[in-house]
Amino acid sequence: MSNPVDLILGQSKDLEKLRGELEDTLNEINKIHKKLQSTPEIVEKTGDGTLGKLRSLYQQAKELSESEMNMSNTLANHLEGLIQSGVPQQTRKAKEGNDQKKKRMKSDLDPRISPASSVRTQLELANLKGEQVAARVTPDDAEKDEWFVVKVIHFDRETKEFEVLDEEPGDDEEGGGQRKYKLPVSRIIPFPKRNDPSSAPEFPTGKHVLAVYPGTTALYKATVVNTHRRVRI
């Protein structure tokens, strides 16, 4: 099955060629017009075929014009069909690709590192006050994920939102102070309990996790390359 775009490009070339032929024909007609204007007496000469040639050129120009109109209509119809069916399909494919990318990004993190909504009860969520958690501070549709280690200030049971504090001072452009965020439960990942080492999961080699940039509260996506030593959080 031929590509619709290639088909349209081929028809465009044919149309351009047809218009070139029509232009050459019209130029020949204009030449005869000028000749008749400068020497009209030639038509009275016996055996002169100027008028016959002119009539033939007009007929040819008419046929070329009709062909041009038909080809232009066909090309326009193909373009309309491509706009109606092809572009939305491409848009759907792009959207599906973005959705798949988001799913892959979400699945990259180990499933045992789950958002707070799936691993803690409401009572446990409320008891996170004062604890450090991992928080995604960018919206779900953002092109770039930004995760930070933050301190839970408050959990609103009605709105299911956390108020958290990034204790690391921001840049001068951001005001230089500590930043607060209000985030839904789905953007919070609690850390394992300090007094319960068994709550810290094992991460085999190759697993995607969140790691802390040294000396900062910023988190980045990393891949486990060695599991010989257990790291305390």
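Glycine is treated like the rest: Cβ placed from N, Cα and C.
Residues 42, 50, 53-54, 57-58, 60-61, 64-65, 67-68, 71-72, 74-75, 78-79, 82 of the same chain lie 6+ residues outside the coiled coil (8-35) yet bring a C-beta within less than 8 angstroms of a C-beta in it. Residues or ranges marked as coiled coil by TrEMBL: 8-35.
Among the features that TrEMBL reports, compositional bias 'Basic and acidic residues' is placed at 93-111.
The feature compositional bias 'Acidic residues' is assigned by TrEMBL to 165-175.
Annotated domain 'SGF29 C-terminal' per TrEMBL: 123-233, in sequence order.
Taken from TrEMBL, the feature region 'Disordered' applies to 83-116 (among others).
Per TrEMBL, the feature region 'Disordered' maps to 165-203 (among others).
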- For the coiled coil (8-35), the averaged pLDDT of the predicted model is 86
